[in-house]
Amino acid sequence: MAIRNIVKEGDPILNKVCRPVTNFDDRLATLLDDMRETMIQADGVGLAGPQVGMLRRLFVVWDTTDAPEEIPEGYEYKFIDFVNPEILEVSEEKETHYEGCLSFPGHNGAVTRPAAVKVRAQDRHGNWFELEADGLLGRCIQHENDHLDGITIMQSSDYFYEDTEEGREEARRAKEQ
């Protein structure tokens, strides 16, 4: 596995719509493995194709469902690969939470999203599966899926701020309004 460079804010690839994956081969498996490694190395919970320069409809997420609050040394991460994902349903209930993005280091955004999501996708072998998720996993799936449609956290956030004391204070004031 290799650590890939993460595409950063300002690169036009982040605003492009991705194409479907058609080849389920060793190259795809290597890409997904590299994305997992890159995501963990960067302290992320999700990473989409365009964030590593690949305009393909795929992303990986860390399945945080049973993860401990503090990650111990040697923790065995559980990942979910999503290839050609389709959002099938979203809940009517919405929630606003702060999100970060590996392509926008040092920044956060308050993003309002459906509280739960049902997604259909293929795994690395081309097998279709469906998953219902809420909480951090559901939010992460929606965030990464946005990347596949060229939507970044800057566009989806109610307010976007620099992760500094001044930026957090500005975000608190905006939230109170």
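Glycine residues also receive a Cβ, built from the backbone N, Cα and C atoms like all the rest.
These come from TrEMBL:
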- C101, H143, H147: Fe cation binding site (BINDING)
- E144: active site (ACT_SITE)
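Rounded to a whole value, the Cα-Cα separation of the residue listed as 'active site' and C101 (Fe cation binding site) is 9 Å. Other residues of the same chain near the Fe cation site, with their Cβ within 8 Å of the Cβ centroid of C101, H143, H147, are G46, A48, Q51, E99, L102, S103, E144, D146, T152, I153.
In the three-state DSSP scheme, C101 (Fe cation binding site) falls into the coil class.
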